[in-house]
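Going by TrEMBL, these are the annotated features:
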{"type": "TRANSMEM", "residues": "26-50", "note": "transmembrane segment"}
{"type": "TRANSMEM", "residues": "95-116", "note": "transmembrane segment"}
{"type": "TRANSMEM", "residues": "122-147", "note": "transmembrane segment"}
{"type": "TRANSMEM", "residues": "255-278", "note": "transmembrane segment"}
{"type": "TRANSMEM", "residues": "298-322", "note": "transmembrane segment"}
{"type": "TRANSMEM", "residues": "343-361", "note": "transmembrane segment"}
Amino acid sequence: MIINTTEVQAINSFSKLEFLKEIYDIIWMFVPILTTVLGITIGVLVIVWLEREISAGIQQRIGPEYAGPLGILQALADGTKLLFKENLLPSRGNMCLFSIGPSLAVISILVSYSVIPFDYHIVLADLSIGVFLWIAISSIAPIGLLMSGYGSNNKYSFLGGLRAAAQSISYEIPLTLCVLSISLLSNSSSTVDIVEAQSKYGFWGWNLWRQPIGFFVFLISSLAECERLPFDLPEAEEELVAGYQTEYSGIKFGLFYIASYLNLLVSSLFVTVLYLGGWNLSIPYILVPEFFEVNKEIKIVGAIIGIFITLAKTYLFLFISITTRWTLPRMRMDQLLSFGWKFLLPISLGNLLLTTSSQLFSL
């Protein structure tokens, strides 16, 4: 059988095109993930800079000003310093648990970003159980903290890990009940559907007005989950040196530092999605019909505006969280647990009961 040279060349060129197409598909599959990671990294750097500037303003001092313009590169300089610092290990600790703990804390929080929508089409995974997937995954982070405390072979570290686990359990339940109330109101657990359900009446359609009690319980519980003042008992320096971080140095200590800000950012994003209307402009469509027609015709412009609105609402909540940290004193551990079990849990249960009753009567 004789094959023409032209046919051989055509087959080879077709094979090359198929190979290039496969490579292009593989690269394109990682583009959204890498874009999200890059955006998260920039967001964390901005949060660190904002916290230092806001805390400096509250305490009437200058704050960072030498690393870059207005000190905006200070967080990058700190990260570089931690990257090149010596990584010390406790001589009698459990090396496996000691090494896995920080990574587990960071990875569990990073996965939570996969269900956060920045616009209708800008979400890594629009799942029907999106909000509950976030709660399930975020529950893994305290396990990493407990592993770190136990693997350090240090009483202060172990007490910090136990406190982190107890605090997470105490405030995860009220937070979950608030999320369940939002799911009942929106008839969906998808983050995209929850935002769309709030877009019907603009600003007055936010779940903030329909669930004011749930909003404040969610706000307090998310601050406790992030271990921010006045809820930073797992690393209370007056009592536990640095809690579960006591034996860590170098990049592993930096991972804990990153995890705390990643958790703060993801909590702020979920407050925006669940209660503040997400990417919607929150102006009744009757007032600006032309604007929404432009968004329909130019999807890129609409996506950019949606991302900007989401981030603006998120950083507004971040400002509240940072101001709270530098304003309120730390609670005692018994006060922390009593506040969660005796105050927030009954209120969140009552809020869920009221929401369920109103939904049943509206049928």
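The backbone N, Cα and C atoms fix where each Cβ goes, and this holds for glycine too.
The transmembrane segment (95-116) makes no contact with the transmembrane segment (343-361), as judged by fewer than three Cβ pairs under 8 Å among residues 6 or more apart in sequence. Contacts between the transmembrane segment (255-278) and the transmembrane segment (26-50): present, as 3 or more C-beta pairs lie under 8 angstroms, all at sequence separation of six or more. Just going by CB pairs under 8 A, the stretch in 122-147, 298-322, 343-361 that sits most against the transmembrane segment (26-50) is 298-322. Away from its own ends, the transmembrane segment (343-361) comes close to residues 171, 173-175, 177-178, 180-181, 184-185, 211, 213-214, 217, 220-221 of its chain (Cβ-Cβ under 8 Å, at least six residues beyond either end).
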